[in-house]
Amino acid sequence: MPEVLAVRAWPLLLSLAVQLGATVGAPQPWRCAPCSAERMALCPPVPASCPELTRSAGCGCCPMCALPLGAACGVATARCARGLSCRALPGEPRPLHALTRGQGACMTTPSDEATDTKDTTSPENVSPESSEITQEQLLDNFHLMAESSEDLPILWNAISNYESLRALEISDVKKWKEPCQRELYKVLDRLAREQQKAGDKLYKFYLPNCNKNGFYHSKQCETSLEGEPGLCWCVYPWSGKRILGSVAVRGDPKCQQYFNLQN
């Protein structure tokens, strides 16, 4: 009887990881790389007018000003001040999508809801069978994953593609014609096993950036938990192989230039 893909409770990839059964063991938490004294020394001074400090978005080490009530917020912005939470605006048809684009707002969190959130959004308390991501879970995990706004489309594409794979049986994987989706499944499988061995020490990894048709976006990037964006490079959409002459950079590698040259 083939196994069925299900969501593992990773704090990094809450809806992306793979439940591989008892052979893998209990899921291990993913955490940012430790903040060394050298990294902390590079932090810019915080303005004296800042009423409240909060952790940096992503895996940055530098403190920053918390966002006040009503401020625009999202997964790649600063965090909301104590007692507030970043929520999609009322009536927003795609609340999670809005948060990935910084279109939420810092709103008051009722005390009873704050207690519930603390109890339920912890990765250890998320059911592996759950296919739903709450706004709180999205923010908790994407704040860790997304070092910059450039990371968000890649991470969101990975979630969207994995959602389309979750209901498929492992025995079907070899039959898939879509190369990027095949690789995404294999990468998630490998990462789940590597994380069990590495514990908290796996700070960089690569997730294939697939389009809705299962092929590759020309821009591919690694995810880094070391406080700075990972490297990005350009690939051929049909194969995922790096384009000859393309250079891996931190930021936008401007992949379209290579296709313009070919045309």
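Even glycines carry a Cβ here, placed using N, Cα and C.
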Disulphide partner cysteine [Swiss-Prot] for C50, chosen from C35, C61, C62, C65: C65
Residue among C43, C59, C106 that, according to Swiss-Prot, closes a disulfide with C80: C106
Secondary structure of C180 (disulfide bond) (DSSP, helix/strand/coil): helix
By Cα-Cα distance, the member of recorded positions C35, C50, C86, S246 nearest C232 (disulfide bond): S246
Disulfide-bonded residues compared (C62, C80) - highest count of Cβ atoms within 10 Å: C80
Intrachain C-beta neighbours of C255 (disulfide bond), sequence separation six or more, cut-off 8 angstroms: S218, K219, C234, V235, I243, S246
Among C50, C232, the most crowded of the disulfide-bonded residues [Cβ within 10 Å]: C232
Other CB atoms within 10 A, centred on C221 (disulfide bond): 26
